[in-house]
Structure formats: structure tokens, C-alpha cells
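To start, the structure under review is shown below, and the notes come after it.
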Amino acid sequence: MYGSENNREDSERTAFRRAEKNYKLYYDTNASKNKKKKKPKPVDLTEVLDFRSILECHDRNGELPPFVNVIHDKFSSPVFSLQNRPGFYFIPGALSIEKQCSLIRESLIDFPQPPNRTNHNAIYGPIHNLFDEAKEGKVLVEEYSPDGSPKLGPDCDYQDGKRWKFVTEKEELLRKGKSVPASALLRKLRWSTLGLQFNWSRRNYDVSLPHNKIPEALCDLAKELAKPAMPAGVEFQPEGAIVNYFGLGDTLGGHLDDMEADWSKPIVSLSLGCKAIFLLGGKTREDPPLAMFLRSGDVVLMAGEARECFHGVPRIFTDEKNAEIDHLQAQLSHEDDLCFLKYIQTSRININIRQVF
């Protein structure tokens, strides 16, 4: 699965891997062993492309970088493209603050709900109401009948002969089986899938798996955002989506999104939460990637030749100075939203919507 030692050594020498290591979060080894007190090593960000600054320059009628083009006629705000990456489009600040907050709430409450699958399914089976259970301090425990066999019941989830159930911390103390706090499961939530479900072990879309359609509001949003990457008169058809959840130190290694039938159709990627660095490479890992900032509300489209480009996220910024989420903090300051604010202050959520067929 992981390849030989020589392959690993080769991967360390690729241009993409070097860029990943350059921007990855590292801590000062001379600092405290307490991770919360460790200081991140400084990283040179001078080569990172900043589309917010480019947009501000454009609005002042300033000169854009020579390799950046702007499109005005396919969206309500400027859309930027790259001369050497056909099919790649960047829409800075495309999502309103209200829409960002709405999507953050949905990503935590609705999108991980069964029949949508998450990375937890493999161990625990489908988990219902994870965010609410974490907010209430519940614990997920193995549930067995008095005779030692797995207990059956409507409030238990089944996986590999085991049943799992949320209980209070006090109830958990009376049990002998395995247990895990809901808050830990929430922090370890890495992905959920909407619409047609993606089978990660087979690396394909499994139409036989139970699924709901992508929510209508998200479909409509994706159709509108996809327009700069679509031929005139052709509408994007959202059929599947993957929601990625990033915490402190999390990364997304260089990869291709190549499981959809028609690569001419874009992947519509929405960024929420803490600022990140996105690497856009070429058709091989040897091609030096371009680094750019992704902020909450930014949208990226990748279609055509851009679908053949390696890309990844080597870094998110969760510290107050660099996360750049003041607008979210102000919008989520109401008492009912503080639970969402607490999560997103140190997290990033990425929703990428695809036309599967």
C-alpha cells in the first residue's frame, strides 16, 4: 500500500513533495513538549499567490500578475484564471458571510448524518447526531445484551457484530465495553459524502449504497458557481460531494480527483473556516506546484486540463493572527452559534461538489 523504501525516497525528491514539506506545520524542537505551548516554525510565504490582494489590485484598476487573467462575463464578481493551468478558476470571496455560516452549520449537523457515510463508518457504523451528542458531552459505547451477544435496538448502530450507543458520562462509568467521547469523534471527523456515495476501498462511486440527493440549496449554489467553467448553455449537474474536515496539523496530500466520468465538468470547491495553503501542481509530481492562499468564502473550480493536475493542502492556519476568520467570529457570536464558532476557530471545512456521470 505504501510502496517500497526506494519509492518513498523518490517521493521525497519530487517538486510537489518538497513544496508540501516547505509549507507543512513544524514546531520548534526547543520549545515546550506541551503541543499547545509549542511555537510553530516560521515559514516563508512570499511566494504564495494571494487572490484577495489580486482582487483588490483589480478593483483599483492596477496591474495584475502577468500569468493571471480575469473573466467578467460569467459570474457576478471577477473570476481569475491562470495562463499555464487551463481549466483552473479562482473566485475570491464568492460566498457571503451568511452563506458561509449556513454551510458551516450544515457541514457539522446535517452532512455527516446517515445515509451519508463518514470516515467513522468503518469502525462504528453509521453515527447519528454526532455534533449534538458532542455538544451534550455524550460518550459512544459498545452495547451488549446480558448474554454477551450484541444488543439489538433502534437506538444502537450496528457494525461488524457490534452495536454502539450514545450515553451520558455517568452511564458510561457503569459499563465495561469500549467507549469513545463524542467530542473526540467530532474532532476525528475527516470526511463525509453527499449524494452518490464514494467507496474509498474500491475508489469508485457505488450507486448501490443508500443515499439522499445533494440538498437543493447546495445544488443551486454549485450550478451558479460552476458557470465560469461550463460551456455556454450547458448546466452543471451536482451528483456527489465530499466534505473534508481539517484540524490543527491536518493536511491533504497531493492527489488527482479522477473518479468522475467526464473531466470536462468542474469540481466546485468551497472553502470555509481557517485560512489554508493550496498547492496546484502539474500533470506529474515533478512539476513545481503553485502555492496560493484559500480563505473562508473562496471558491475554486477545476475542469478540463486542470483535472489532470496534482493538488493538495499542506497547511491550515489555526492561530488567531493567521486564521483570518474575524468575520465568522462576529457572525457566529450569538449564544446559539457559539458551538459552531468553537469548532471553526481551529478548523477548516472544504465542500467539493462533482458531476459524477
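From the backbone N, Cα and C atoms, a Cβ is placed for every residue, glycine too.
No curator has checked TrEMBL annotations; they are predicted automatically.
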Can you pick which of His211, His311 TrEMBL lists for the same Fe cation site as His255, Asp257? His311
Taking DSSP three-state, what's Asp257 (Fe cation binding site) in: helix, strand or coil? coil
CB neighbours of Asp257 (Fe cation binding site) within 10 A? 16
Would you list the other residues of this chain near Fe cation - those whose C-beta lies within 8 angstroms of the C-beta centroid of His255, Asp257, His311 - in sequence order? Gly254, Leu256, Asp258, Cys309, Phe310, Gly312
In three-state DSSP terms, the structure that His311 (Fe cation binding site) belongs to: strand
Select one residue from His255, His311: among these binding-site residues, choose the one with the most other Cβ atoms within 10 Å of its Cβ. His311
